[in-house]
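Student: Take this structure, written in structure tokens, and hold onto it; I'll ask about it next.
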């Protein structure tokens with residue numbers, strides 16, 4: 001039975017039993033900053049278990065794409081070396097939200113395994129939480145599992161939680177006996193042994209509690225069920241193999257690697273590890289990029305980069321000299337594209353991101369090798385033969401060098417590596433990374449917001465049609481705590497039952513404005529939305545005393561709202577124009593819409609040309625002049641997708657969505673505020689385009705009066721330039737061209753004069769050359785305003801000296817400058833870099849360079865003569 005068939009059979013089984021098949025969520029957890037990546041099927045249902053979200057169903061099943069490569073769940077270093085560790089895997093799961101509980105969940109699991117998949121009951125074992133007599137009794141009495149095949153374990157093994165906080169509860173696990181030939185051989189080997197004989201295939205978690213940051217357990221509103229069965233593991237059972245890498249899910253990728261590398265799997269263990277690493281990592285890389293993560297030096301992007309570099313290093317070990325990982329995407333998509341069609345839609349984009357990162361790593365690898373070679377040479381001089389752990393860690397962390405690659409390289413030189421020192425550095429990094437993640441500012445929703453929401457406090461938003469509202473203040477917050485009142489001068493957060501203020505979300509800044517009561521006046525400086533139905537107004541009490549329960553008059557700052565709306569609608573038009581000009585691969589990667597400007601990040605692999613930018617700008621302004629109506633419609637999410645509306649990839653939408661349409665040129669899922677007609681935008685002007693990450697570009701633009709002021713400023717600058725160059729009318733450009741041509745002509749004359757001057761200087765300076773130990777040495781101070789001229793002078797002196805060492809210096813802008821040049825015939829004995837390192841401290845500086853040329857600068861010009869004289873002693 002193939003992996004695809006198992007997945008399909010799982011869905012069919014549970015759908016027939018009243019479960020709704022739910023699509024896998026994005027690998028970036030939505031509204032859950034406690035998680036680095038989605039790592040379990042229940043992640044997308046967390047708020048449902050907590051009672052914060054309601055769905056149209058109480059039974060669900062899914063096949064969730066998961067990544068474990070960072071934080072609490074970090075399997076990266078084991079991947080490729082064991083039969084079961086992965087960075088990417090699929091988790092089959094069935095869920096009950098306050099519907100069925102232990103009795104039904106256990107029955108479903110047992111029936112699916114023993115009747116649908118027809119597994120041998122005698123090879124199945126179960127575990128329960130040590131105190132969960134109920135689950136043990138169900139297994140024994142209801143399903144007929146003998147007591148000797150029911151094991152009890154403590155909290156470490158059979159009490160499940162998603163993270164440090166969140167839903168949790170006792171669990172029961174089902175194990176498959178792979179047979180004595182796969183185990184440790186110990187006569188006491190049983191379920192719970194660390195060997196490969198007994199393999200966990202299904203975990204049923206009985207969600208009864210919520211664990212808070214203090215570790216306290218509180219009952220969930222309704223007991224629920226969360227189960228997880230790894231598709232890779234159950235595939236090994238159904239296909240009669242003992243390694244996940246021998247299943248069809250990964251063998252197709254491994255065979256593709258065989259074809260590209262010319263090597264055979266199962267012929268060399270080192271090659272086998274590399275092939276398994278590439279097979280696993282290619283899946284993780286492909287899915288992570290598809291879900292909107294790009295390689296970077298922080299957060300999720302850094303984890304992706306580490307995975308990519310580890311895979312690229314193993315590709316190099318297999319003999320690939322050029323980028324190869326991007327060529328594995330085809331095999332991944334062949335295997336996974338049916339279940340996850342988004343892979344096929346973004347295939348070219350994914351390949352380009354991988355190829356760009358591979359090229360970057362190949363360059364990094366070469367730089368790392370140069371550093372390692374220098375370190376080995378220095379250690380040899382000191383008579384040492386062990387590369388320090390700090391050096392190994394630097395190569396690993398900064399240049400992506402794995403430890404075994406470093407060990408292989410230095411072994412040829414008779415060196416070993418300090419593995420203990422490296423392990424210590426790694427542990428320090430792990431501890432620091434954990435602290436950085438906890439303190440990154442991405443903590444969960446403030447507890448006070450959760451408390452208010454839990455009490456049923458809500459805010460009805462009327463801002464699409466109204467910019468004023470009469471309401472009642474339901475809560476006042478100050479410094480994270482609820483208060484009864486606030487007085488003038490205090491900054492507070494105000495919650496009302498009805499508001500026209502838009503809370504910041506979807507890249508759009510929140511509204512500003514005023515709130516007035518009978519006894520107070522507040523200036524709203526920002527508006528946020530911690531929950532979809534809870535709006536919080538951050539405001540300064542400017543006069544009087546405001547109290548919870550007061551009636552309030554709310555007024556949005558209309559000019560700010562209007563400017564923001566212009567920029568937001570223009571952002572939609574910009575995306576449409578970009579796709580016309582650059583292609584359908586353009587996807588939104590982020591945005592920021594404020595009253596002042598708009599910023600739009602999108603997927604594209606090269607800087608836009610002036611012509612492309614002009615075309616995009618013209619298309620948007622054509623849309624504006626056409627003045628199409630802007631309409632917003634509410635509809636079912638499925639209907640919106642079928643209509644072709646653009647959605648932000650990876651965003652989680654409810655069953656009902658809002659679609660904003662601009663004539664026939666743009667249709668997007670959007671909850672923001674917009675103008676009524678495209679003509680209200682007035683004028684659109686792009687003011688910047690740049691790259692912000694591999695495969696991501698950013699455009700900044702202005703609209704309306706902001707765009708007009710920008711153009712007027714450019715005109716003012718143009719007129720000022722015309723005045724400066726004394727140009728008449730529209731001839732400024734011609735005048736500047738003539739000035740630049742004259743400048744080049746003068747520069748050539750200066751260079752010719754400088755060459756003659758250097759020739760004259762050279763003759764005079766060479767007269768002062770001394771011979772030291774058979775080597776001609778010229779050390780001299782010269783008068784020179786620009787130290788860049790030292791190199792030209794040195795070249796002239798080398799030509800005349802033919803064989804020797806030149807040390808020249810000058811004082812420029814209050815600083816000392818030194819240059820050392822060694823003729824080629826002597827560079828194997830005397831290195832310019834070594835000489836400059838000895839001289840630089842004398843002038844209060846540092847320097848370096850190549851064997852034949854090196855430079856230094858320092859803050860002690862008064863010591864320049866001393867440094868020049870010291871050159872004779874150093875060389876002698």
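Each Cβ is built from the backbone N, Cα and C atoms, and glycine gets one as well.
Here's the feature list from Swiss-Prot:
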type	residues	note
BINDING	568, 572, 670, 674	Zn(2+) binding site
Student: Quick check: in three-state DSSP terms, what is residue 674 (Zn(2+) binding site)?
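Tutor: Coil, per DSSP.
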Student: Under DSSP, is residue 572 (Zn(2+) binding site) part of a helix or a strand, or is it coil?
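Tutor: Its secondary structure by DSSP: helix.
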Student: My understanding is the cutoff is Cβ-Cβ under 8 Å with a sequence separation of 6 or more in the same chain; which residues meet that for residue 572 (Zn(2+) binding site)?
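Tutor: When sequence neighbours closer than 6 are ignored, residue 572 (Zn(2+) binding site) has 660, 662, 666, 668, 670, 674 within Cβ distance under 8 Å.
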Student: To test your reading of the Zn(2+) site: which residues beyond 568, 572, 670, 674, same chain only, put their Cβ within 8 Å of the Cβ centroid of those residues?
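Tutor: Output for this site, in sequence order: 565, 569, 571, 630, 660, 668, 672, 673.
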Student: Which residues does residue 568 (Zn(2+) binding site) neighbour through Cβ under 8 Å, counting only same-chain ones at least six apart?
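Tutor: Within the chain, residue 568 (Zn(2+) binding site) has Cβ neighbours under 8 Å at 508, 593, 598, 670, 672, 673, 674.
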Student: Return the count of C-beta atoms lying within 10 angstroms of the C-beta of residue 674 (Zn(2+) binding site), excluding that atom itself.
Tutor: 26
